[in-house]
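Undergrad: Per TrEMBL, transmembrane segment is recorded for 70-89, 101-122, 142-158, 178-197, 209-228, 275-297, 318-343, 355-381, 402-423, 435-453, 550-568, 580-601.
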Amino acid sequence: MLRSRCVSCGAKVGGIAGTMVEHNMLDVKFLNKYCASSSSSSSSSDREKKILSTLKGSLGKKYPQKNGEVLSAQYGINLLLIGVSLMLALSYQRPSVTEEILLAFLTALMLVQLLWMLCYIVRREQRRSLPPERDANTATSWIRAGGLTMLAMLSLIMDAFRIGNFVGYQACVSPMLGVYPAVHALHTISQVHFLWFHIKDVIKRYETFERFGVIHAVFTNLLLWSNAVMTEAEHALNDHKKRLAALGYFNFTVDPEQPACNCTSSACSMFSSSLYYLCPFNIEYHIFVSALLFVMWKNIGRTLEHQSPEKHGSVGGSCLLLGPMLGLLALASSITVLVIYIIHVEETAEARASAISMFYTFGIVILACMSVAGAAGLLIYRVENWPMDTAANPARTLDAKLLLASSVGAWLLCWCSVVAVCWAQPSPTYRWSNLAYALLLVLEKCVQNLFIVESLYRRRREPDECSAHSPSHTPTHSPAPGEIFSVTVPIAPPYDGIVNHAYEMPDCRVMEKSQTNRHACSSNQRNMPLSLRHRTQDTPSWKRQVLKNIAIFLFMCNISLWVLPAFGCRPQFDNGLEEAVYGFSTWSTVLNFALPMSLCYRMHSVAALFEVFHKI
């Protein structure tokens, strides 16, 4: 009995144990299965997290600079093409696009630029404790004061005249003719303020957004320039038609320039006539601003070395007489030619021919003198053999490219004139003088471009460089043992556009307050190498004086050659040779394209030559 009970109890115990073992096996299998699924899900989640972090990192990275430039440039080019399309539609005789639509489009662009400039200034004020890097080569003080501010003030006067003209004719003209000059005046004031204080900034934050803002400003000013050029070309074409009709050549119908209603003010005629004398300054203002903003756009995201500028002493002007005197003589002569030409070109055919001959004679003389002066400057550079300045400088690169690009317009006019002189049927008295003027103009631009570019890319050799490169150089000063490892006088590296005050020498006048500092400053000056001490006292040679006279002479001559076509002295309209070969419509189209580029070339040459004058 006991044995049977024990056996039955053992069976029960074995059954329970077997059941437990079976359950344990199932639990293990279940746990293994669960753990496997959980490990696979955790690995997939880690993989997803890695993909998301990679995607987030790639999106958060700074947009590549070249891609950002291309993207923003495409936006600006398409913006320009939209405006040009509206202008071409407006130039048709029966336009579907009215002037009010074009002005509304330009006003909207100016308001968007004003909003961007406001946002930029607010962000700069918020980060005043972290001032941005600044490119010292962009827009020197004389450019902002002498060029930008003066042209902006004349543009503001033009806007005031436009508003006054609108007030007189407000009963029969669109309100947009009054809104546009008011917004343009606000845009001019705000833009000048922005350029004065922020044009040197090297932007390193929100680069993609800022590229779009700056390029929008660049092409907004280009569209305003195009609109002013179109208005000026239309006015010049109407004047040409009036002269031809008065001489009996053609019977043109001239479009009225004033609204078809009476003016409520007695000053309307003064306002309308003064607009065309101020329009050239407005044209130059916008192309000038476009160039400055383009340099700012190129500087976005740029890395510059922090280096100290070379300090050159003031160059004496005792020999700086011949260049300014000849330049002033050329300017006075050009004003005289302008007045005589405008008076006589509207009189009889004989007076017209004599006025055109006078212009070509004056042009031949001044272009020949400019070619000789530029060639003399190039010869001096070859003899002097100054080293080249290879540092990266977007402003200088833009100057060189603009000189070449804007020369295309004048060269096109010149070669068209050469073809017309050779094959035109009429043979006026000024035929061959026109040929000489055209060929000399091509030569003068080539020589002047070479002189300006070479001057911008040359740097004068310092006394220590001259002695180091001289074959007869022998050291005359042996450094003392304590001077070999001296760190009291650090020699500044070459200047590359950014000022780092850590490299600058201490000012002895400031340090005189302390006896110890005064002793240290005097010892620094005694221990300074002779070539470094005289670097700022380098007396200019006669070659440098000649180069300065050449630069100021070319500066005044380019102003003279800008004044003549800007204020109505345009014999290409009046000589009749080109019209006989190309036809009236084709030649008018060529002039409307080439003359604004020629004016832009002269004004840009003025700015570049003044920079050359300060660099020599």
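The backbone N, Cα and C atoms fix where each Cβ goes, and this holds for glycine too.
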Undergrad: By Cβ distance under 8 Å, which residues at least 6 away from the ends of the transmembrane segment (550-568) in the same chain are close to it?
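TA: Hits for the transmembrane segment (550-568): 236, 239, 277, 280, 320, 322-324, 326-328, 330-331, 333-335, 337-338, 341-342, 359, 363, 366, 369-370, 373-374, 376-377, 448, 451, 455, 595, 598-599, 602-603, 605-606, 609-610, 612-613, 616.
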Undergrad: When you scan the chain for residues with a C-beta under 8 Å from the transmembrane segment (101-122), skipping those not six or more beyond its ends, what do you find?
TA: 79, 82-83, 86-87, 90, 176-177, 179-180, 183-184, 186-187, 190-191, 194, 198, 210, 213, 216-217, 220, 223-224, 227
Undergrad: Establish whether the number of Cβ pairs under 8 Å between the transmembrane segment (275-297) and the transmembrane segment (580-601) reaches at least three, counting only pairs separated by 6 or more residues.
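TA: They do touch: at least three Cβ pairs between the two stretches lie under 8 Å.
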Undergrad: Six or more residues beyond either end and a Cβ under 8 Å away: which residues meet both conditions relative to the transmembrane segment (70-89)?
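TA: Same-chain residues near the transmembrane segment (70-89) but 6 or more away: 95-97, 101-102, 105-106, 109, 208, 211-212, 214-216, 218-220, 222-223, 226-227, 230, 297.
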Undergrad: Near the transmembrane segment (355-381), which residues from the same chain, at least 6 beyond its ends, have a CB less than 8 A from one of its CBs?
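TA: Those are 326, 330, 333-334, 337, 340-341, 343-345, 428-430, 433-434, 436-437, 440-441, 443-444, 447-448, 450-451, 454-455, 458, 543, 546-547, 550-551, 553-554, 557, 560-561, 564, 569, 571, 574-575, in sequence order.
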Undergrad: Could you give the residue numbers and ranges of same-chain residues that sit at least 6 residues beyond the transmembrane segment (209-228) on either side and whose C-beta is under 8 angstroms from one of its C-beta atoms?
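TA: 68-69, 71-73, 75-77, 79-80, 83-84, 87, 102, 106, 109-110, 112-113, 116-117, 119-120, 184, 191, 203, 279, 282-283, 286-287, 289-290, 293-294, 296-297, 300.
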